[in-house]
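K.L.:
Marked as active site, phosphoserine intermediate by Swiss-Prot: SER64. The Mn(2+) 2 binding site annotation in Swiss-Prot covers ASP14, SER64, ASP444, HIS445 and is backed by sequence analysis. The annotation substrate binding site is assigned in Swiss-Prot to HIS125, ARG155, ASP156, ARG187, ARG193, ARG263, ALA264, ASP265, ARG266, LYS336 on the grounds of sequence analysis. What Swiss-Prot records for ASP403, HIS407, HIS463 is Mn(2+) 1 binding site, and it gives sequence analysis as the kind of evidence.
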Amino acid sequence: MTTTKRPIALLILDGWGYRENTHMNAIYHANTPVLDRLNAQYAHGLISGSGLDVGLPDGQMGNSEVGHINLGSGRIVYQELTRISKAIADHEFEQNPALCDAVDAAVKAGGAVHIMGLLSPGGVHSHEEHIEAMCRMAVARGATKVYLHAFLDGRDTPPRSAKGSLSHFDDLFTTLGHGRIASIIGRYFAMDRDNRWDRVSQAYDLITQGKAKFQYDNAVTALEAAYERNENDEFVSSSAITDSEGKVASLNDGDALIFMNFRADRARQITRSFINADFDGFERAVTPKVNFVTLTEYAADIKAPIAYPSENLVNTLGEVLQNRGRTQLRISETEKYAHVTFFFNGGKEEPFNGEDRILINSPKVATYDLQPEMSSTELTDKLVAAIESAQYDVIICNYPNGDMVGHTGNFDAAVKACEAVDACIGRVVDALAKVGGECIITADHGNAEQMTDETTGQAHTAHTSELVPFVFVGRDATIDEGGKLSDVAPTILHLMGETIPAEMTGKPLIHVKE
């Protein structure tokens, strides 16, 4: 393996956007002497991580999955949200073979069509317009028993904003003449990604048996009761919605179960609980044999029909480094480990040759405002050791704090999170200086720079569409304006003196002065 004289580290500060408005801007109010010094001393600018620049609809806020796919692939990758919305607009969705087969089989067997997913206009993990299209398609194909299991958001949307969505779907089912909302539960339970199976089991029992902490005859009533219990959308307890006869919905042999989330990372655990025969995350009271369909590909080992299989991305940064005989390291905490590996590699699970991975466990706390530094110290310990080992040409690291603490809506905690990351960056930059290394500091999307909704006054827990920082800690250089996340991989190759493959349509942003 060849080694560069200057190993390059890419530090991705998750959820770290730039915002002129300083009100409730945790990044602005944090004491960040390291980043202040680097911005004063080195070339820096701002790049785009949202909307059309990352393959999302115009104006759509960025997110971690999308951000890392663009960062790692070096091209604008049209995201599942855009792709599926286009299929609906073009009337291709209603003819999708995987979806049609599942619905038709359930109808033929006299069974029900169960549709589950994040009922939200957030567009990060799902979109309620896709769920509506699925409900319409099921009824159009003859399904009379259509049950919607709604996971509530409050994270990529305002904390208490689900009422409009639930009311809309109540009206939709009335218009269609068939179907109803069968259950509601917060995404905190249904969409865990950190092996907290006690949470997922509550969603599983709710969907399979209608077993819930609470029962109501209407979804909006259930939501209002949750608010009375001081539960925001994300944390709504399992609530079964009964029909006119007081009965709950249950999942039975021969039914269809269609998962309408298009983002993989928070869809995997609950999917495995439904389809893996050897599943051992929790004890399942029932294991109905259903026609399970995933909207997109969640993981290579999840064996279920996929409505929209992944598009194959070749010559991503990781693959190019492998093919050029270079070494690389991917490192992050549990919460963003999939992002610096699976997503950064264009949806490939297996590491490339010469690619090492280090996973640091995220702290076991209910919400990260309780420990805003998360595991950043341990992460940095490992990262500094890796730099000093001089084993790697390229190091990709994600610090999750800005995003994970930003999502809690806790301003003071978000400030502490930013300060913790700043201190860690100082250690990383010092370690790189000792070995003649350089680094690019950027982000995948914004979050912590806006901690309150200026209109409603509610906590702002979602991502933003703000530009993100782009700092080059290295040789004297200039940085082009108007960059985007897909320019980062070509920039790294350019700094290494490597040719940029044709598949990478991004452009190098950093130009070293001779």
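From the backbone N, Cα and C atoms, a Cβ is placed for every residue, glycine too.
Describe the structural context of each listed feature in the structure shown, including burial, neighbouring residues and relevant distances.
P.N.:
Sequence-distant contacts of SER64 (active site, phosphoserine intermediate), defined by Cβ-Cβ distance under 8 angstroms and a gap of at least six in the same chain, are ASP14, LYS336, HIS339, PHE343, ASP403, ASP444, HIS445.
A 10 Å cutoff on Cβ-Cβ distances gives HIS445 (Mn(2+) 2 binding site) a total of 27 other Cβ atoms nearby, all chains included.
ALA264 (substrate binding site) carries neither a helix nor a strand DSSP state and counts as coil. Same-chain residues at least 6 positions away in sequence with a Cβ under 8 Å from that of ALA264 (substrate binding site) are, in sequence order, GLU65, THR296, GLU297, TYR298, ALA299, ALA338, PHE342.
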K.L.:
Whose Cβ lies within 8 Å of the mean position of the Cβ atoms of ASP14, SER64, ASP444, HIS445, the Mn(2+) 2 site, other than those residues?
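P.N.:
Same chain, not in ASP14, SER64, ASP444, HIS445, Cβ within 8 Å: ILE12, GLY15, GLY49, GLY62, ASN63, GLY67, HIS68, LYS336, HIS339, ASN398, ASP403, ALA443, ASN447, HIS463.
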K.L.:
Which whole-number value in Å describes the distance between the Cα atoms of ARG266 (substrate binding site) and HIS407 (Mn(2+) 1 binding site)?
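P.N.:
Cα-Cα distance, ARG266 (substrate binding site) to HIS407 (Mn(2+) 1 binding site): 15 Å.
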K.L.:
Look at each of the binding-site residues, ASP156, ASP444, and point out the one with the fewest other Cβ atoms around it within 10 Å.
P.N.:
ASP156
K.L.:
Are there any residues in the same chain, six or more apart in sequence, whose C-beta is under 8 angstroms from the C-beta of HIS463 (Mn(2+) 1 binding site), and if so which?
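P.N.:
For HIS463 (Mn(2+) 1 binding site), the qualifying residues are GLY15, MET61, GLY62, ASN63, VAL124, ASP156, ASP403, HIS445, GLY446, ASN447.
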K.L.:
Can you give me the Cα-Cα distance between HIS407 (Mn(2+) 1 binding site) and HIS125 (substrate binding site) in Å, rounded to a whole number?
P.N.:
14
